[in-house]
Amino acid sequence: MAREKSTDDGGGWKKFLWDSEKKQVLGRTGTSWFKIFVFYLIFYGCLAGIFIGTIQVMLLTISDFEPKYQDRVAPPGLSHSPYAVKTEISFSVSNPNSYENHVNGLKELLKNYNESKQDGNTPFEDCGVIPADYITRGPIEESQGQKRVCRFLLQWLKNCSGIDDPSYGYSEGKPCIIAKLNRILGFYPKPPKNGTDLPEALQANYNQYVLPIHCQAKKEEDKVRIGTIEYFGMGGVGGFPLQYYPYYGKRLQKNYLQPLVGIQFTNLTHNVELRVECKVFGDNIAYSEKDRSLGRFEVKIEVKS
């Protein structure tokens, strides 16, 4: 006769969950569970303490106003407005809708340069009307409230200011673009030491307090088609004046206005796509084939009749 299979499983999983005889939950008494809880509480508490401590030590070595390591920061890039998709500005003189986005881009950039926002009890100060030397305002590390910033008057951009022509020349087929150097904290741009190494068009107007900018046709055959290019900036100079540098960062100069240069193409050949390259010149301005915006930018312009 076959032996009957024992059906006694010792209580099974129910007894494992709660053993009333031994007063155990999941195989452990209350005292055992308490010891385990205290152990892990202390263990993870120590881990959290070590983590928080290392973070605190690291924060003590970091300035609230200046990055600790800046040796790999590249020289500033040169950017422009209006921002164009695939760097292409294409519009029709007879169709205002075709250049509406370009005009709105310029308005968005220049709205902070309105004179009303630079008047009254503000951190702005007059730094002259002609280019001058750097204006230093103490160490970056010190926090003494907001540091003063130089005013930049919209009227200096003349035809590209939008004051007299709200279309910035687009309605007449004479488009404007606004160039600016990207902000780098604590950067002192160095102008060319002399004008002999500059393009011939810049040599006559060399200024020791300005980083000049120059635009020209990318292709030799486009030089005649591009025609005359006019530059508008502080003191009538097409470049970036030194008194707006160095930049102290958003925490100390949240109202900082970087200098701008208005560039207007006054007699472009219509119905032809023209490729233009603009470069800023300085002793510590670099250019790179890998980064096409480093010290320069390219833009394609097509004015349709």
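Even glycines carry a Cβ here, placed using N, Cα and C.
The record in Swiss-Prot lists a disulphide bond between Cys176 and one of Cys150, Cys160, namely Cys160. Of the cysteines listed (Cys150, Cys278), Swiss-Prot assigns Cys278 as the disulfide partner of Cys215. Out of Cys46, Cys150, the record in Swiss-Prot bonds Cys127 through a disulfide to Cys150. Neighbour density around each Cβ, counted as other Cβ atoms within 10 Å, peaks among the glycosylation sites Asn159, Asn194, Asn267 at Asn159. Following the DSSP three-state reduction, the secondary structure of Cys127 (disulfide bond) is coil. Here the candidates are the recorded positions Asn159, Cys176, Asn194. The one whose C-alpha lies nearest to that of Cys278 (disulfide bond) is Cys176. For Cys215 (disulfide bond), the same-chain residues lying six or more positions away in sequence with a CB closer than 8 A to its CB are Ile229, Ile263, Val276, Glu277, Cys278, Lys279. Taking Cα separation as the measure, Asn267 (N-linked glycosylation site) is nearest to Cys176 of the recorded positions Asn114, Cys127, Cys160, Cys176, Asn194. Within the same chain, the residues at least 6 positions away from Cys176 (disulfide bond) whose Cβ sits under 8 Å from its Cβ are Leu106, Asn159, Cys160, Tyr168, Gly169, Tyr170, Gly262, Ile263, Gln264, listed in sequence order.
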